[in-house]
Amino acid sequence: MSVFIDKNTKVMVQGITGSTALFHTKQMLDYGTKIVAGVTPGKGGQVVEGVPVFNTVEEAKNETGATVSVIYVPAPFAADSILEAADADLDMVICITEHIPVLDMVKVKRYLQGRKTRLVGPNCPGVITADECKIGIMPGYIHKKGHVGVVSRSGTLTYEAVHQLTEEGIGQTTAVGIGGDPVNGTNFIDVLKAFNEDDETKAVVMIGEIGGTAEEEAAEWIKANMTKPVVGFIGGQTAPPGKRMGHAGAIISGGKGTAEEKIKTLNSCGVKTAATPSEIGSTLIEAAKEAGIYELLLTVNK
């Protein structure tokens, strides 16, 4: 089993005729992702990389049966693209776009309440189920099938963690980038719940960063509900208060959201934390050995 997407997932690309979308569409197709449609208003009838282009999400869904969309639309128009995907009742929309205005996302989040469409992102690397389906911008080759779930606010730290695991012979089920913006769709707890219920996932790596309280809330949820070992890492440990570190959501304000606070809460809830990015893999191995599942996690031929 996998989380959110698998080899049978039919995907549409919103904004497919843009240069960034074209580049990543080719990468996703090469990985084996079933991209069945593209959407660019006014460009319906074209074919790019063998993928038919439609004017609307509704039309693309009806013609191809796509259930998931990935958005590479420029920031000023991205919120409308998410709303269009939700109106078409897609199962999931993965928004890669960065710099969407916060107020736009507040409206989107409100609009999605009570609807079936799950939003992942924005400002995220996407979702990948190893060796099956890649939706987003992550480097596919570092991901290998196995039993560790990865959930992260940071794209590049996801790649770092996955690469370390693969190098150690430890494969992954699904890696989910939830994005670095202050207002997003899917949060840590949503993904942790999915991993907890997934038979194939035996352990989880959770990567957070300064700003907000998402990691603290996740830690409390892990303590109360999680039946599998979780290890963590918090980015931004050297950040001074009030200084944004990369992501829009990565800022310490009002004394809240510090790395120190987050690490303390995670540790108190039984989550082992890596001190540096280079120790994420070894921290997971340590936790797996303690849980008696290390041998089970060795699925990649080194």
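If you go along the chain as it appears here, the first residue is 1 and each next one adds 1.
The backbone N, Cα and C atoms fix where each Cβ goes, glycine too.
Feature annotation from Swiss-Prot assigns CoA binding site to T17, G18, S19, T20, K43, I96, T97, E98; the stated evidence is sequence analysis. Per Swiss-Prot, the feature substrate binding site maps to Y159. What Swiss-Prot records for H247 is active site, tele-phosphohistidine intermediate, and it gives sequence analysis as the kind of evidence.
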Just to verify: the residue among T17, S19, T20 with the fewest other Cβ atoms within 10 Å, which of the binding-site residues is it? S19
Cα-Cα, S19 (CoA binding site) versus Y159 (substrate binding site), nearest Å, comes out at 23
Record-listed CoA binders T17, G18, S19, T20, K43, I96, T97, E98 have a maximum CA to CA distance, in Å, of 24
If I take the alpha carbons of K43 (CoA binding site) and the residue listed as 'substrate binding site', what is the distance between them in whole Å? 34
When you rank G18, I96, T97, E98, Y159 by Cα distance to the residue listed as 'active site, tele-phosphohistidine intermediate', which of the binding-site residues ends up on top as the closest? E98
Would you identify the secondary structure of T20 (CoA binding site) according to DSSP, in three states? helix
Of the recorded positions listed (K43, H247), the greatest number of other CB atoms within 10 A surrounds the CB of H247
